[in-house]
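Trainee: Next up is a structure, given as C-alpha cells.
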Amino acid sequence: MTSITSGELNFLVFRYLQESGFTHSAFALGYEAGINKSTIDGNMVPPGALIAFVRKGLQYLEMEANLSNGDGDVDEDFSLLEPLDLITKDVYELQQMVKEKRKIKEREKEREKEKDKDKELEKEHERERARIREKERHEREKEIEKDRERMDKERECEKQHDDNTIGEMAIDQNDKNNVKHVENGTTEGQESINISTTSTSQACEIPSSDVMILEGHTSEVCACAWSPTGSLLASGSGDSTARIWRIAEGASRSGTESGPLGVLVLRHVKGRVNEKSKDVTTLDWNSEGTLLATGSYDGHARVWSISGEQKATLSKHKGPVFSLKWNKKGDYLLTGSCDKTAIVWDVKAEEWKQQFEFHSGPILDVDWRNNVSFATSSTDTMIYVCKVFDTRPVRTFAGHQGEVNCVKWDPTGSLLASCSDDMSAKIWSIKQDKYVHDLREHYKEIYTLRWSPSGSGTNNPNKQLVLASASFDSTVKLWDVELGKLICSLNGHRDPVYSVAFSPNSEYLATGSLDKCVNVWSLKDGKIVKTYTGSGGIFEVCWNKEGDKIAACFASNVVCVLDFRM
C-alpha cells in the first residue's frame with residue numbers, strides 16, 4: 001500500500017492549523033518543521049485536505065471490512081491507489097478502480113493460463129511427435145529383422161545349394177577318377193576335398209588385446225568425437241552426461257592397465273542421472289581442441305573446457321538440440337533444434353548472434369561452409385544455405401521427398417551432399433538451386449554420409465574425392481562425385497548402418513552398424529581389412545588425428561577404442 005512521508009503529513013497539519021485559525025500554532029509548526037523549505041506545491045493541496053485524508057482512512061477501513069469478506073487480498077486490491085485518489089475520490093469511485101484492477105489482473109491470469117496451456121499443448125505435441133518417431137523406428141527395426149531373417153534363409157538356401165553342387169561335382173569327379181583308376185588297373189585311394197569355412201571377417205577380427213573398453217556411462221552412448229589436437233576422446237550419453245577420456249598414445253596396453261589415463265564427467269543435471277530431458281544428443285570440439293560443445297534434449301547448448309569446467313550455457317531454443325558445430329575460426333557455434341530454428345552463438349560473449357527461422361519442421365543437421373556461411377536440413381524436406389547477418393537464405397535447395405537427415409560440405413565448400421528418408425543422396429552446388437547429381441542406389445532410408453579427406457584443399461590432394469553414404473538397407477555406397485556414379489557397394493553389415501568415417505590418410509573407411517560390428521574397409525579394393533564385434537548397436541565411429549585408433553560408441557553404454565595397425 002502507498003505510504004505518506006512525515007514532510008507531507010507536517011504540511012497537511014500546517015494547512016489545517018492555518019485554515020482553523022490557529023495562527024501561532026501554525027507559525028511554530030512551520031518554523032520548526034521547515035515548511036518554507038518544503039518542495040510541496042500548496043496549490044495542489046485542496047482546502048480541508050487533512051480532514052479529507054482522515055475521513056478517507058475511515059472509509060478505507062470500511063472498504064477493507066467489506067472487501068475482505070471472501071473477496072481476495074485487500075492489500076493487493078489497494079496497491080495501486082495513490083494518496084491523491086484517496087483524497088479526491090469517493091468510495092464508489094475507489095471501488096470501481098479496484099474492480100477494474102481486478103479485471104485487468106484476471107485477464108492477465110487468463111493470458112498466463114492460456115500461455116501455460118499452449119506450452120503444455122506444444123510439449124504434448126512434441127511428445128506425440130517423439131512417440132510417432134519412436135514407433136516408426138520400431139516398425140523399421142521390425143522390418144529390418146524380417147528382412148534379415150529372409151536374407152538369412154536365402155543365404156542358407158544358397159549355401160545348401162552350393163554344398164549340394166560341390167558334393168555333386170566331387171562325386172562326379174570321384175566317379176571319373178575311379179573309372180580312370182580301373183581303366184589303368186590301379187586301386188589307388190581318392191584324395192579328400194577340403195572346403196574352407198573361415199570367413200574374411202573372422203580372419204581379420206581385431207584381437208581383444210587391441211581393444212580398450214571405456215565403461216562409466218549408465219545409458220546408451222549416442223555420440224563420440226576425438227579432439228583434433230590431442231589424445232582426448234569425448235562421448236555423450238542418454239544418462240545426462242558427457243565424458244572426456246584421456247587415452248594413451250600408441251598401442252593399447254595389455255593387462256589390468258588397459259583403461260584410460262583419466263576421465264572427466266560433465267554433468268548436465270545436478271543429482272540424478274538418466275533424466276531423459278537432459279540426454280546429450282550431439283557434441284563437437286573446436287578446431288584448437290580447447291573447448292567441447294554439447295547439445296542436449298533440454299534445449300541448451302553447453303561449452304566445456306578440457307579440464308571439465310562449464311564455461312557457458314547457451315539458452316534460447318525451445319526444443320531439443322539435435323546438431324551443433326563450431327566454425328573453423330572458433331568464434332561462432334551453430335545449433336539446430338527441434339524448435340525449427342538454427343542459432344549462431346557468440347560463445348565468448350555468451351549471447352546469441354542471430355536466429356534463423358526458415359524451416360517448417362525440426363532441424364536435423366547443420367554444417368558450416370566457411371566461418372560465416374552454413375547449411376541446415378530438416379524434416380520439412382528442405383535445405384537452406386544461410387549467412388550470418390543475412391535475413392534471407394543465400395540458397396534454397398528443394399528436391400528431396402522425405403526428411404533430410406544429414407548435410408555435409410566437401411573440403412572446398414563448393415559442393416554440398418545431402419541424404420534423406422526418400423532413399424536418395426544428392427549433391428548440390430553453391431552456384432545453382434537444382435542438384436548436380438541425384439544418387440539412387442539404396443533401397444531404404446539413408447541415415448548419414450561423409451566426404452573423404454582427399455582432393456583439392458586437403459592433406460591428400462592426389463587422391464580422388466569420394467562420397468560415402470550409409471543406409472538402413474545395411475549397405476555403404478561409395479560415389480564418384482564428378483560423374484555422380486556408384487564406385488562400389490560395401491555389403492558386409494546385416495543391420496542398418498548408422499555411421500561412417502574416413503581415415504585421415506583417406507585409405508580406409510570405418511563403418512558402424514546396429515549389427516554390433518565395426519568394419520574397416522580398404523578403399524583400394526572395397527574389402528574388409530579389420531572387424532570388431534561389440535556388445536550392442538553402434539551409433540557413431542570416428543578416427544583420431546593420427547589414424548591409428550578408432551572410437552565407437554554403443555547402445556550397451558560403453559565406448560570402445562580400437563587399435564588400427566596394418
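Using the three backbone atoms N, Cα and C, a Cβ is placed for every residue, glycine included.
The structure displayed is predicted, hence computed values, not measured ones.
Residues or ranges marked as compositional bias 'Basic and acidic residues' in TrEMBL: 103-161. Here TrEMBL flags 101-161 as region 'Disordered'. Summarising the annotation, TrEMBL assigns repeat 'WD' to 214-255, 273-314, 314-355, 397-438, 439-489, 490-531.
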Trainee: On the DSSP side of things, how many residues of the repeat 'WD' (314-355) fall into helix, strand and coil, could you say?
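Mentor: Grouping H, G, I as helix and E, B as strand yields 0 helix, 24 strand, 18 coil.
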Trainee: Please count the residues of the repeat 'WD' (397-438) that DSSP assigns to helix (H, G, I), strand (E, B) and coil.
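Mentor: Split into helix, strand and coil, the repeat 'WD' (397-438) gives 0 helix, 21 strand, 21 coil.
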Trainee: For the repeat 'WD' (314-355), what are the same-chain contacts with Cβ under 8 Å, counting residues 6+ beyond its ends?
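Mentor: Residues 122, 126, 279, 281-288, 291, 293-303, 361-368, 370-372, 374, 376, 378, 386, 388-389.
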Trainee: Please give the average pLDDT for the repeat 'WD' (439-489) in this predicted model.
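Mentor: Its mean pLDDT is 95.
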Trainee: With DSSP, how much of the repeat 'WD' (214-255) is helix, how much strand and how much coil, in residues?
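Mentor: Across the repeat 'WD' (214-255), DSSP assigns the residues as follows: 1 helix, 19 strand, 22 coil.
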Trainee: By DSSP, how many residues in the repeat 'WD' (439-489) are helix, how many strand, and how many coil?
Mentor: 0 helix, 23 strand, 28 coil
